[in-house]
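Enquirer: I have a structure I would like to understand better, so I am pasting it below and will then ask my questions one at a time.
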Amino acid sequence: MAERRSYERIADEYDEDSSLANGDSEAAVSLGLDQEERKRLWWRNGIINMVFILAWFFFSMTLSVYNKWMFAPDRFGFTWPLFVTTFQFLVQFGFAAGIRIVLPNTFKPKHNPNSRDYGTKVAPAAVATSLDIGLSNLSMKIITLSFYTMCKSSSLIFVLLFAFCFGHERFSYRLVGVILLISGGVFMMVATETQFVLLGFILVTSASALSGLRWSLTKTLMKDEKYGMENPAAVIFWMAPPMAISLCIVSMITEGWWTILSSHFFNTFWDIIKMSFFMFLPGLIAFCMVMSEYYIIQRAGVVPMSIAGMAKEVLTFSVAAWLFGDELTLLNFVGLAITVGGIGLFTYHKYKKSVETPEPFKSHHLEAHHQDEDAGAFSLGELDVEDNESTSSDAPREGNRSKNQASDILTVD
């Protein structure tokens, strides 16, 4: 058992290292916190996480409604979403580079990914991210927001599947049941009598699968200091260029840039200025959204972030239904109630797990390490599942053991 420390000191350590961000009770006990202190820590962490989640909700809903307005043929009518998304990635890269220059102590880590890591770890995550976003935006041209949300609800299942594969989550029937309950609720919530669009279904389902893959890859990159991507601005800085390049190629092939640039949207100099602003604005919104997104991933993990994403989809759907006049049925309201109930069950389970006295601490990382010696680590290129433990150069190895163990604790049981 680690030496007993005050709640205030634990809170300070938490702000410096997000290893306790998921409020895991085993990590808290290993640091010497009693039940009351764990409750206080859980609520403190929950409030901080909620701030990032609300920011993510706001920017994401704003961007979804903006994209729907911009890409819909019967509204603004700029029907080339991949072109716009490519431009947004460049805007995000510019903001990330700028914030690293202005605040280097906070957003510019001392390490950078080497060429091999960049090609085998960063680039695959970036390509998966760009295709997820690009295919999602492309589908908005041909399907309704309700049908999109219904199909996108499957992303939570893919997130859980890849979290199991990459070792970010320990398999649990209870967790699987809650995920299926929430996904089913979202499906019912947006179920309509509209015609099934096969191409749109394929696009959104592919985006959902890529979403699960990219979050697990990104989580792996953010956990190891040697990649220099332990903060959101650094992640955007290193991932935005390959994201823009990969989506640019797809856009050129499927949309045709000559067709875009010769359209009436770019006829005059003022048309170009106007379109540049219309593409810059969602890039700024997307940057703020992604910063919030990565902070949630860093503090809470991929599955809680995805469940928060389902809550976001509920709000997005409700706002869009109000703005665009979609009619809601009894089935939609039942689905909404099931979704909210499932999210509540997950939150309650996480709270109980965080504050009740757990079994003696045991590092999952050590178990996974021994298993990997026999079975080999799951990888993409050279992407290892097992976490790379690192200790500070100015602290003894033993002094960091509890913190490293805490960072390996899984989000939910």
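Every residue, even glycine, has its Cβ placed from backbone N, Cα and C.
Dumping what TrEMBL says about this protein:
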- 47-66: transmembrane segment (TRANSMEM)
- 51-346: domain 'Sugar phosphate transporter' (DOMAIN)
- 145-164: transmembrane segment (TRANSMEM)
- 171-190: transmembrane segment (TRANSMEM)
- 196-215: transmembrane segment (TRANSMEM)
- 235-260: transmembrane segment (TRANSMEM)
- 272-290: transmembrane segment (TRANSMEM)
- 302-324: transmembrane segment (TRANSMEM)
- 330-348: transmembrane segment (TRANSMEM)
- 379-413: region 'Disordered' (REGION)
- 402-413: compositional bias 'Polar residues' (COMPBIAS)
Enquirer: Same chain only, please: residues at least 6 beyond the ends of the transmembrane segment (272-290) with a C-beta under 8 Å from a C-beta of the stretch. Say none if there are none.
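Expert: Apart from its flanks, the transmembrane segment (272-290) reaches 55-56, 59-60, 62-63, 66-67, 70, 76, 78, 84, 87-92, 95-96, 232, 236, 265-266.
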Enquirer: Which sequence-distant residues neighbour the transmembrane segment (196-215)? Criterion: at least 6 residues beyond either end, Cβ under 8 Å.
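Expert: Same-chain contacts beyond the ends: 125, 128-129, 131-133, 135-136, 138-139, 142-143, 147-148, 151-152, 154-155, 157-163, 297, 302, 305-306.
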Enquirer: Mind looking up the mean pLDDT for the domain 'Sugar phosphate transporter' (51-346) in the predicted model?
Expert: 81
